[in-house]
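Asks: Okay, handing you the structure first.
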Amino acid sequence: MKFLQTSLIAAALPAALVSGRFVIENEGDNVQLDEPAKYLIELSPGETQWVTEEDKWDLRRNGQNFMDITDTQELGTLRAWTQSQASVAFPDKCVKQKEVGELAGHLTKDGMRRNLEKLTSFHTRYYKSDYGRQSSEWVLERINGIIKDAGAEDTVTAEHFGHSWPQSSVIARIPGKTNTTVIIGAHQDSINLWLPSILGAPGADDDGSGTVTIMEVFHTLLKAKDVVGGSAPNTVEFHWYSAEEGGLLGSQAIFQSYEKEGRDVKAMLQQDMTGFVQGTEDAGKPESVGVITDFVHPGLTAFIKKVIEEYCSIPWVETKCGYACSDHASASKAGYPSAFVIESAFENSDQHIHGTDDLIKYLSFDHMLEHAKMTLGLVYELAYHDFSSKAVEEPSEL
């Protein structure tokens, strides 16, 4: 997740440390030993520029969202085919109250807390670090443990989606009767924007909270024997993306692959930052969840509002976060309907992120439970929804 943050830390850090460049003194002149690598980023649809890694972190520290498209320039090029997916018919109302209500009773705050305590115990989950590799290994191990405990090994799978950097993404798949797919996502990486390779980044809220929220939903959904047994019409996937903080790198790689394969993805929901309510309370506003309304699919977003009204005990508020603010943007660029729900109105969200102070102590597990209820309701409703009916929707704002 990307936010506008200002800090005096930058002024206190030597430029060589922030940039990672090394120089030598030669008769008063600084001589740079190596030309830094360049990356192609997209700041808004069609607006691109080449930057160094130092430039990337400078942009992030100044609140600028972007997609690093250096290795994913083909993402979205097949949208002439996938644009037909924009005309997806979402339900008019929720119809699985009995089943979702029974399952929701199995969602626990304790489970999310235990998983988040483990996830934040890694010094950082920076995608280029060995800690990031280790944390992604733990995520896959935990998901496989959930599958085994549910006795679902014969039908449900989990695997790494490898990248050119150490940290892998993780994909869990619950097959349905068709390959029509509903995806729930979160990003597992964290970052310290000042010295990513050195300083700690516990990433409790960004996005440890989303990671363990959808992990808890996955755990609970496997208690539905009909879903595990393949009775649902649609396939369900849970994604834990690597390298969101580097410019949506992991999710872009996955959705570029899905686009090339012609995968039939009808809906993708991103859960990025689900635990901070203090900002809302300090603003004198009622606790709520923030439904993102820009650069998302309007039909899916409208149905998510209905899901929140049906299954959550707190209301929704509309809010905006800009272009490429989280991994749902990768799905949208591939032509797949996507949406994003965050912990609050954007202006009241967590400001402790991207440093050493993104800690569990600032989070509300009661609030995370509301996100879990919403996610469970959405995924169960859509797992059983007949997407074969036709409807004309407004296209995503891309």
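Using the three backbone atoms N, Cα and C, a Cβ is placed for every residue, glycine included.
Here's the feature list from Swiss-Prot:
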- His187, Asp206, Asp272: Zn(2+) 1 binding site (BINDING)
- Asp206, Glu245, His354: Zn(2+) 2 binding site (BINDING)
- Cys321-Cys325: disulfide bond (DISULFID)
- Asn179: N-linked glycosylation site (CARBOHYD)
- 1-20: signal peptide (SIGNAL)
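Map these features onto the structure and tell me what's around them.
Replies: The Cβ neighbour count for Asp272 (Zn(2+) 1 binding site), using a 10 Å radius over every protein chain in view, is 29. Secondary structure at Asp272 (Zn(2+) 1 binding site), as computed by DSSP, is coil.
Using a 10 Å Cβ-Cβ cutoff, Asp206 (Zn(2+) 1 binding site) registers 31 neighbours. DSSP assigns Asp206 (Zn(2+) 1 binding site) to a helix in the three-state reduction.
Sequence-distant contacts of Cys321 (disulfide bond), defined by Cβ-Cβ distance under 8 angstroms and a gap of at least six in the same chain, are Asn65, Ile292, Asp294, Phe340, Ile342, Phe346.
Residue environment of Asn179 (N-linked glycosylation site) contains 12 other Cβ atoms, counted within 10 Å of its Cβ in all protein chains. In the three-state DSSP scheme, Asn179 (N-linked glycosylation site) falls into the coil class.
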Asks: Sorry to bug you, but what's the C-alpha spacing from Asn179 (N-linked glycosylation site) to His187 (Zn(2+) 1 binding site), rounded to the closest Å?
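Replies: Cα-Cα, rounded: 24 Å.
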Asks: Just name the most isolated of the binding-site residues His187, His354, going by other Cβ atoms within 10 Å of its Cβ.
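Replies: Counting other Cβ atoms within 10 Å of each of the binding-site residues His187, His354 gives the minimum at His354.
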Asks: Helix, strand or coil by DSSP: which one applies to Cys325 (disulfide bond)?
Replies: coil
Asks: For Glu245 (Zn(2+) 2 binding site), just count the other CB atoms lying within 10 A of its CB, please.
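Replies: Excluding its own Cβ, Glu245 (Zn(2+) 2 binding site) sees 29 Cβ atoms within 10 Å.
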Asks: Including all protein chains shown, what's the count of other C-beta atoms within 10 A of the C-beta of Cys325 (disulfide bond)?
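Replies: For Cys325 (disulfide bond), the count of other Cβ atoms within 10 Å is 23.
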Asks: Between Asp272 (Zn(2+) 1 binding site) and Cys325 (disulfide bond), how many Å separate their Cα atoms?
Replies: 10
